[in-house]
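Q: Next up is a structure, given as structure tokens.
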Amino acid sequence: MKLDRMRVGSRINDEEAMPLTAPESRARDSIDSSSTASISLTLVEGASHATTEPSKPAHNHNGRTQGNYAEKYRDDLEEDWEENNYIPTNGKSSQRRTLIVFWLLVALCVGGWAVAFLFFVTSPGNKTSTSPHSGSNSPEGDVTKPGIPATGKKIPLDDAIGGVWSPAEHTISWIAGAKGEDGLLLQKSEGGTGPYLHVEDVRNIHGTQSNNNSIVLMKESVFFVNDERISPEKVWPSPDLKTVLAMTREKKNWRHSFTGLYWLFDVETQTAQPLDPDAPNGRIQLATWSPTSDAVAFTRDNNLYIRNLTSKSVKAITTDGGTNLFYGIPDWVYEEEVFEGNIATWWSLDGKYISYLRTNETLVPEFPIDFYLSSPPGYSPKPGEESYPYVQQIKYPKAGAPNPTVSLQFYDIEREESFSVDVKDTLKDDDRLIVEVIPGSKGKVLVRETNRESYIVKVAVIDANKREGKIVRSDNIDEIDGGWVEPSHTTTYIPADPSAGRPDDGYIDTVIHEGYIHLAYFTPLENPKPKMLTTGKWEVVAAPSGVDLKNNVVYFVATKESPIDRHVYSVKLDGSELRMLKDSDKSAYYDVSFSHGAGYMLLKYQGPQIPWQKLISSPSNADNYIEILEENKKLAKLSNEFALPSLHYSTITVDGFELPVVERRPPNFDETKKYPVLFQLYGGPGSQTVNKKFLVNFQTYVASNLGYIVVTVDGRGTGFNGRKFKCIVRRNLGHYEAHDQIQAAKAWGKKPYVDKTRMAIWGWSYGGFMTLKTLEQDAGETFQYGMAVAPVTNWRYYDSVYTERYMHMPQNNEGGYENASISNATNLSQNTRFLIMHGSADDNVHFQNTLTLLDKLDILGVHNYDMHVFPDSNHGIYFHHAYKMVHQRKYFNLSFLGH
């Protein structure tokens, strides 16, 4: 869900079928990231669905210990609004719009609460001293002061949440040349100057040099088929760059999936034809290039087809797909929780086989979502039924309910036949999740599966040529450290190359090693014991980010300097020469994306100071190329004009664990005053909110404009502090996390500059659950106020894949589910006041969660809460711009002041 990475040797981003473009500048000067009207050049988000070389994974965090699997971090219950504010790093246009509305909603919802809270904290009897004083009662740890004068202007709320402070970012779509050339990217011209779609050498990104590697793919932004004018919305060039797969008329489905009309555009003739000439208006769910560029596999109406480019014929690979059977694409829960994308079709590297997932959700129960004010486009109720709500039925497996059953199928291109491969000792169908499929060379395929409670993990090697397979790795994570494994998307296939010192095929994986997540190299494929590439009391994060196969160098991002920092490192495939990228600072947060052959990289400095981006050659590349792509001069200018809070990084010790903390202090902070404190949290398993990223958001506004102290604590269960720190929450979500927030609040309440009678906490989604769990456990002793948005209140109501990973099935952990639910209404009644908000059409955290809690409150006659329901709003609560009403209402005036 987070940042995307292009796979090594691939032309696609596997998380989603690629949106067409992300705004880019032609010059070094910064651009306004909220305006693209004057931009004439953009870089295409994705290039092809064909995987023609060993893959590089998406950004995540997996691990194992000496051959034992670990996990990657996923915020399944959030939309990454806190971290990315308004500008997502992946450049996806449709997702960006969703995140914009989502973040605006979050901030404005809480804005109404915080502004009203201001009336409370500044009311008679709550005044504090304003005399200036330079004291020494400050927390220990790093202090980030961006050089902003305390007398600067205050940040308007609309600016803090509206993208004005979002760093300008550039997303590069790296692409391999037709002959494997490195350092190429896909570009799209917006302003009518130059060709519409072309491949360019990264060293000529501004178009100032002539270069033989430049290839024009589409001269114009439109093409015609039978006199129909067609404007492509997404494009994927073939690996040989002779044909472009174009999509139009996109319709969103779930978070990552969509449908559209697909076309084949011939680069030489600049003409196009339907992907399926016999069904040009058929809505296609997914289309992927063959690595040999001579065929496209696609799914339509849940059936898998193949189109051979040498003819206009389309062959059906499956025919029984329908409401409950999916071929080549995931169902809802696999898209959301397992693959984090819409792809379940994989070509072999030689183009001879297609691997595809068969998903059967016949036994999965349906959950109804009622829409009282809206309905899908084209829906017309029967006469006389206009007053009834539209009901959408979703196949949604809740904890303990039947999951979809899956199996991996194969299609032999030459023989035109489908087949399956029986592998001995695999998990039973009703207890199996297929979480990763990695095509290799010579018909080999790596398949990773887990049990539904995500603690038994098996890796199989299947030989499609011989139609046989075997389990080569098997581990029980529960026996290793009591933890879990999450779906992996980072495994990287390493082909044999005796001339480069690699006699056998292998793969790079992330493993748990001595309690931390590290890189390991398995070779040959059947070897269960890896060569450890990294070790130590720190963790790899994006692993690997790139692989230079010519020089046997692996690049990755890690927390070696500090859990809240990110730096780029390299290591040899033999485990030697571990080095930090020389451009890195000691205290910083970096991200990176690599070219096809890892000879070039887009290095992104993301904080704590003003972010910048550079295109540079990799250390293993003698080119010594460097290009400053973004300096964010506009953002630097803003930072000199406005008064921002100072950020104080520290740790606090709770039960022997060191918890990362960031405290945002108002400008002109005076230690003789007594400040109200707002705790903001997310806290989901493996997540991280305290880091060194530059971020101006709603929390900044609260500290800067309202004069509060805003504290964020990453308690136990969060990521990047080792397995012991994280896995302690297993089977008992909410207990340790809430305890840590309370202990942190008590520690802050003892500080001389904190008014411990005015402490509040708030969060969204998992953060909403954590807010209520903290208020429940605290029973009014430390926190007086809270706000929970779209909270989980009973883990039996959330989806099975996510929930059982941390809680096991309810049948196997009844007491844990009871403890993790929000059920102690008596304790909640001890708080001064709390607010619950939820959208009635939330398809992620169902409204059922809030209704169940309300019933408990009603039974015990609890009155110290308020409730706001947003009709027809989903998890983002933006139907009819509902956030505006939240922002305008005087809720906390009435709650705190009584008028």
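Backbone N, Cα and C atoms are what each Cβ position is placed from, and that goes for glycine too.
As annotated by Swiss-Prot, active site, charge relay system applies to SER765, ASP842, HIS875. Annotated compositional bias 'Low complexity' per Swiss-Prot: 32-43, in sequence order. Per Swiss-Prot, N-linked glycosylation site is recorded for ASN212, ASN308, ASN360, ASN819, ASN824, ASN827, ASN893, and the stated evidence type is sequence analysis. Positions annotated as region 'Disordered' by Swiss-Prot: 1-69, 128-149. The topological domain 'Cytoplasmic' annotation in Swiss-Prot covers 1-99, and the record cites sequence analysis as its basis. What Swiss-Prot lists as topological domain 'Vacuolar' is 121-899, and the listing cites sequence analysis. Marked as transmembrane segment by Swiss-Prot on the basis of sequence analysis: 100-120.
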Q: How far is it from HIS875 (active site, charge relay system) to ASN827 (N-linked glycosylation site), counting Cα to Cα, in Å?
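A: Approximately 27 Å lies between the Cα of HIS875 (active site, charge relay system) and that of ASN827 (N-linked glycosylation site).
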Q: Taking only the residues in the topological domain 'Cytoplasmic' (1-99), give me the average pLDDT of this model.
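A: The predicted confidence over the topological domain 'Cytoplasmic' (1-99), as a mean pLDDT, is 34.
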Q: For a quick check of packing: other C-beta atoms within 10 Å of the C-beta of ASN827 (N-linked glycosylation site), how many?
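A: By my count, 17.
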Q: Going by C-alpha positions, which of the recorded positions (ASN308, ASN360, SER765, ASN819, ASP842) is nearest ASN827 (N-linked glycosylation site)?
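A: The answer is ASN819.
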Q: Which of the recorded positions ASN308, SER765, ASN819, ASN824 has its Cα closest in space to the Cα of ASP842 (active site, charge relay system)?
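A: Comparing Cα positions, the closest of these recorded positions turns out to be SER765.
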Q: At the Cα level, what's the spacing in Å between ASN824 (N-linked glycosylation site) and SER765 (active site, charge relay system), rounded?
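A: Distance (Cα to Cα, whole Å): 19 Å.
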Q: Going by Cα-Cα distance, pick out whichever of the recorded positions ASN308, ASN360, SER765 is nearest to ASN819 (N-linked glycosylation site).
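A: Going through ASN308, ASN360, SER765 one by one, the Cα closest to that of ASN819 (N-linked glycosylation site) is SER765.
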Q: If you count CB neighbours within 10 Å, which one among the recorded positions SER765, ASN824 has the smallest count?
A: ASN824
Q: Quick one: what's DSSP say for ASN360 (N-linked glycosylation site), helix, strand or coil?
A: strand
Q: Would you kindly give the Cα-Cα distance separating ASN308 (N-linked glycosylation site) and ASN360 (N-linked glycosylation site), rounded to the nearest Å?
A: 28
Q: Looking only at DSSP and grouping its letters into three states, which state does HIS875 (active site, charge relay system) belong to?
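A: The residue in question, HIS875 (active site, charge relay system), is coil (DSSP, three-state).
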Q: If you count Cβ atoms within 10 Å of the Cβ of HIS875 (active site, charge relay system), leaving out that atom itself, what do you get?
A: 23
